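Below you'll find the structure, written out as structure tokens, and then a few comments.
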Amino acid sequence: MMLLLPLIIVLMMKLSDARTHSLRYFRLGISEPGYGIPEFISAGYVDSHPITMYNSVSQLKEPRALWMEENLAPDHWERYTQLLRGWQQAFKVELKQLQHHYNHSGFHTYQRMIGCELLEDGSITGFLQYAYDGQDFLIFNKDTLSWMAMDNVADIIRRVWEANRHELQYQKNWLEEECIAWLKRFLEYGKDALQRTEPPKVRVNHKETFPGITTLYCRAYGFYPPEISINWMKNGEEIFQDTDYGGILPSGDGTYQTWVSVELDPQNGDIYSCHVEHGGVHMVLQGFQESETILLVVKAVGFIVLAIALAGVGILAWRKRPRGKNKVICLSTPEH
């Protein structure tokens with residue numbers, strides 16, 4: 001039995017182009033550099049777009065976006081190159097101290113993330129945190145002017161840092177004021193790239209994972225910005241059981257990709273449809289009407305394979321943090 005289930009795409013334009021934007025700076029120190037991995041790396045991002053890069057090999061802070069290079073004078077790069085050379089040495093010392101207090105040797109990492117977000121409603125957030133070997137170590141709470149320590153070593157550092165009220169207030173001010181000012185400035189510099197919308201392309205395929213069990217995959221790719229909603233529906237109702245989601249990942253070309261899968265018994269004759277919402281367009285794929293923009297391939301006994309061309313967005317993901325031991329780490333002036 002062959003079922004033809006053409007799909008309908010419903011397009012609803014959003015009334016606002018407001019988005020959440022972020023500015024983040026990441027730093028990574030490595031105890032045993034080698035195999036092409038520098039001892040120290042610092043990278044800046046607006047949303048998911050790389051804007052700056054520094055490493056211990058080049059020892060230069062350099063632009064990673066043309067609109068950054070075109071809008072910031074040479075003395076900006078020279079000034080922050082000097083700051084980052086200082087951070088490079090500080091990270092090396094601090095990582096050695098952490099290894100000593102944890103009684104660790106060999107390969108270990110030390111990380112820092114600082115940044116801010118400008119939300120769709122105009123409100124702001126800020127974050128500053130450290131990690132050791134990819135585990136949370138110290139997290140700054142700008143509202144209470146305090147640090148959250150993740151273990152006994154981190155707690156020793158917390159007490160020292162919290163004794164310096166001036167430094168705590170400085171970090172709060174940087175996160176809430178200076179960081180947001182830089183973010184707005186960078187958004188203006190790169191507005192053509194950062195505020196564009198590229199709709200997702202969507203493709204559905206399948207494979208038999210076990211005898212009598214088929215897995216349907218709905219893949220969205222080539223979209224920007226990264227915020228996207230993608231899900232499977234069974235007979236018109238959203239399903240969560242037997243469903244697996246992939247992360248929203250960069251594709252390497254300034255767009256994003258993601259996927260969702262569902263396991264099914266093709267003998268049951270249920271109707272499955274993939275629903276995608278992205279950016280300024282809301283796309284709903286469901287059955288019972290012809291649409292020239294969709295290629296529908298049908299399998300027997302109610303099993304459908306959809307190959308769809310749509311529009312979409314990607315999403316960013318980052319995370320890695322610290323876990324400490326005895327040692328006092330001094331905060332320096334953040335780079336921009």
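Just so you know, glycine gets a Cβ as well, placed from its N, Cα and C.
The shown structure was predicted, so the numbers you read here are calculated from the model rather than taken from an experiment.
The disulfide entry in Swiss-Prot for Cys116 points, among Cys179, Cys218, to Cys179. Annotated by Swiss-Prot as region 'Connecting peptide', the relevant range among 290-298, 299-307, 326-334 is 290-298. Taking the Cβ of Arg27 (7-hydroxy-6-methyl-8-(1-D-ribityl)lumazine binding site) as centre and 10 Å as the limit, one finds 22 other Cβ atoms among all the protein chains shown. Within the model, the region 'Alpha-1' (19-105) shows a mean pLDDT value of 94, rounded to a whole number. The Cβ of Cys116 (disulfide bond) has 24 other Cβ atoms within 10 Å, all protein chains considered.
The binding-site residues considered are Lys61, Arg112; of these, Lys61 has the fewest other C-beta atoms within 10 angstroms of its C-beta. Checked against Cys116 (disulfide bond), the recorded positions Arg27, Lys61, Cys218, Cys274 differ in C-alpha distance, with Arg27 being the nearest. Around Ser42 (7-hydroxy-6-methyl-8-(1-D-ribityl)lumazine binding site), taking its Cβ as the centre, 23 other Cβ atoms fall within 10 Å, counting all chains.
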